[in-house]
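**Student:** The feature domain 'Membrane-associated sensor' is assigned by TrEMBL to 39-241. Sequence annotations record features per position, and here TrEMBL assigns transmembrane segment to 14-33, 45-65, 72-92, 98-119, 131-151, 163-183, 195-214, 220-248.
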Amino acid sequence: MLGFNKKTTARRRLIFVFFILGASLATLFLGNISWPKDISFQNLWGVASVCLAATAGVLALIKLMTRKKNKYAFIAGGFFGVAVIELYSLFSPLGPSALLWLLSKILLSGYLLLSLKAWREGEGEQKGLKPRVYVSAAVSAVLIIILVSLLPSYDPYNPMGPFGRPIELTAVFLFAATAIGYYSKGYWEFKYFEFWFLLSLVSAIFSQTYMALSQSYFDGIYWGAIILKNLGYLFALIGLLASSWAAFREVEAEKKYLAGHTKGEAYLKEQ
């Protein structure tokens, strides 16, 4: 670990607090905004989410090749799987699309939860899991698509108290368990990726909670869920990019240090 910084930790805690407060308070005014009522606008967001998820999967795969940590295998598998499912959902009616939303989030949250397995194994040499993880993610995505295509119809709205789509809470619990695990690790205090990834998980929790609270297609909370989903993918992507940049700086600093340059640039302020 290079450059542990208490000010950075305090700043990141504040970001978590403000983001959680903002996402919580947003429910108060989302219903007052005039939103489009057609699936075409939703598909525009869908195209963006497919691109973000696929790119995050590619970057996680690159991180796996360079860092040799199994957590990146699960993260890559999860994002690739959800990208395939969301791509298929772009060509599906509202009912099947809603079911694909739920199942894709369960798939993603499950794989992200499994990424904590690498932490439990320790930071040393880890047993390679790449083929099994990718094959299982691909098979899961294909099975989900086949299952949904065979169902005659699906209505996600079965109100229970304040929740219009209570079944969406299934993924909320999985994302929350993953977020608790990554927060407990404490790496978010000094690692770029862990901080942004934890922020991504918080976005996913709120996205699923919003969708669970939605009372009808295209209401304000519904669009809030879609926006937060894409924001979560973006946070994960930023984390992977920032981590790659920090790793590059670290390598350059080590080269300078080994070459005899022991000035401040040889030690990173953060990471």
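Placed from the backbone N, Cα and C atoms, the Cβ positions cover glycine too.
Please treat TrEMBL annotations as automatic predictions, because they have not gone through curation.
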**Student:** Is it true that the transmembrane segment (98-119) and the transmembrane segment (14-33) have 3 or more CB pairs under 8 Å, sequence gap of 6 or more?
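**Tutor:** Answer no: the transmembrane segment (98-119) and the transmembrane segment (14-33) share fewer than 3 Cβ pairs below 8 Å.
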**Student:** Out of 131-151, 195-214, 220-248, which stretch touches the transmembrane segment (163-183) the most, going by CB pairs under 8 Å?
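**Tutor:** Per the Cβ count, the answer is 195-214.
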**Student:** Can you give the mean pLDDT for the domain 'Membrane-associated sensor' (39-241), rounded to a whole number?
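**Tutor:** On average, pLDDT over the domain 'Membrane-associated sensor' (39-241) sits at 92.
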